[in-house]
Amino acid sequence: EAGIECDCGSPENPCCDAATCKLRPGAQCADGLCCDQCRFIKKGKICRRARGDNPDDRCTGQSADCPRNRFHA
């Protein structure tokens, strides 16, 4: 939905204001495999292990989402 930055279901979430569904001041993210303590995880950190010989998925440092590498189906 427009204007919603985070899931405001839990008032205990330190990253998200439950009343406005907006990130709290200073927060970059509220959840996601590449979000830790309201901040994006640094670029290159493994967020999803690959199977077989494919490379692991790694955080970009610019998003809370863990991008799928091009080798994953």
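Placement of Cβ uses the backbone N, Cα and C atoms for every residue, glycine included.
As recorded in Swiss-Prot, the features of this protein are as follows:
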type: DISULFID; residues: CYS6-CYS21; note: disulfide bond
type: DISULFID; residues: CYS8-CYS16; note: disulfide bond
type: DISULFID; residues: CYS15-CYS38; note: disulfide bond
type: DISULFID; residues: CYS29-CYS35; note: disulfide bond
type: DISULFID; residues: CYS34-CYS59; note: disulfide bond
type: DISULFID; residues: CYS47-CYS66; note: disulfide bond
type: DOMAIN; residues: 1-73; note: domain 'Disintegrin'
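Considering only the disulfide-bonded residues CYS29, CYS35, CYS38, CYS47, CYS66, no residue lies within 10 A of CYS8 (disulfide bond) on a C-alpha to C-alpha basis. Distance between Cα atoms for CYS29 (disulfide bond) and CYS16 (disulfide bond): 8 Å, as a whole number. Around CYS47 (disulfide bond), the same-chain residues at least 6 positions away in sequence with a Cβ under 8 Å from its Cβ are LEU33, CYS34, ILE41, ASP57, ARG58, CYS59, CYS66. Counting only same-chain residues six or more apart in sequence, the Cβ atoms lying under 8 angstroms from the Cβ of CYS6 (disulfide bond) belong to ASN13, CYS15, CYS16, CYS21, LYS22, LEU23, CYS29, ALA30, ASP31. Residues within less than 8 Å, Cβ to Cβ, of CYS38 (disulfide bond) and separated from it by at least 6 positions along the same chain comprise PRO14, CYS15, LEU23, ARG24, GLY26, ALA27, GLN28, CYS29, ALA30.
In the structure shown, across all protein chains, CYS59 is the one of the disulfide-bonded residues CYS8, CYS35, CYS59 with the greatest number of other Cβ atoms within 10 Å. Each of the disulfide-bonded residues CYS15, CYS16, CYS21 was assessed for Cβ neighbours inside 10 Å, and the highest tally belongs to CYS16.
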